[in-house]
Amino acid sequence: MRILAIETSCDETAVAVVEAAGDTFRVLSHLVASQVALHRPFGGVVPEIASRKHLEVIYPLTRRVLEEAGFSLAELDLVAVTSGPGLVGALVVGVSMAKALAFARRVPLVPVDHVKAHSLAVLAEESPRFPWVSLVVSGGHTALFVVRSPVEHYLLGHTRDDAAGEAFDKVAKLLGLGYPGGPVISRLAETGDPSRIPLPRPMLDHPGYDFSFSGLKTAVLHLVRSGRAFAVQDLCAAFEAAVAEVLVEKTLRALSDLGLSRVVVSGGVAANRRLRTLFQEEARRRGFEVYFPSPSYCTDNAVMVAISGYFEFKAGNQASLELDVYARSQFPRYPL
């Protein structure tokens, strides 16, 4: 089955053609048009600008992807598209394009949840057995799930305020490091000493699996405003370590409580080197399996949309041309 997939939930326009056979996938073409330079002067994503840029690039990007894959529209079997969660205006651009293609070629149109797709991105390269605990951690989302199958995702906990990636961006802004903040903080953290600046580990002493990063961000703000001398590298290292430890400890708590042995970590923050290292060290020490997508599949991409769309189609889930978008996901809670 040849799948054309489209992702426009935030500030990346992504299109891919993926071939699915059984439950294995071959990426025939995959392109992402980033808007980082466009939004950098504003210190974050401006929804209206994002929508207009998606509208500008989605058609030529789709043509390039098809050319690289060596296929025409007539040879496609399925169109998958992110319908939420995300920026509504941005989502409308991708969904409108997908509707037009599905209608023109008379092929099924399959809506995909962006967060679900992140959880399944690892299947582009590996095949962990279900069920697993999924940590999705990005600029817009930080949540823990039990994934029983490609279409069965149950929420364990989520952030009560800032997403982890959002906290990286806000701390970078406090330090005058620019946007996006995650890569800059991680680079500076490599030469810093996290032990020199004590920072809180929010909600580790709270039962359950929810997260909170606003207090950690506030602790950084108080330090910056205090006038106390510190090395920026040390503060970046301390902040990165605090975020990573909270993410790992909450995930390990879920793994232990539920008696599971596999963890999948995905989303843009999953590319963070310290987070990966900490998970891998704990996996060796405690004897569980941990999986990460390649960095190019951690950030927003259309390959993960194709994979999720394939499984949704197999489960009988497809949409009419009345398909609408949504800003927030609604997942069933895992029965504890």
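In case you wondered, yes, glycine gets a Cβ from its N, Cα and C as well.
Going by what TrEMBL states, the substrate site holds V136, V137, S138, G139, G140, D169, N272, and the candidate of G182, G259, G287 recorded there is G182. Site annotation (TrEMBL): Fe cation is bound by H114, H118, and the candidate from D257, D300 recorded at this site is D300. Across the binding-site residues listed here (H114, H118), the residue whose Cβ sits among the most other Cβ atoms within 10 Å is H118. Working note on the binding-site residues D169, D300: by count of other C-beta atoms within 10 Å of each C-beta, D300 ranks first. Taking the mean position of the Cβ atoms of H114, H118, D300 as the Fe cation site, the remaining same-chain residues with a Cβ inside 8 Å of that point are E7, S9, T82, V115, A117, A121, S138, H141, G267, N301, M304, V305. Cβ neighbours of V136 (substrate binding site) (same chain, under 8 Å, six or more residues apart in sequence): V115, H118, S119, T142, A143, F145, S266, G267. The sparsest Cβ neighbourhood within 10 Å, among the listed binding-site residues (G139, G140, G182), is found at G140.
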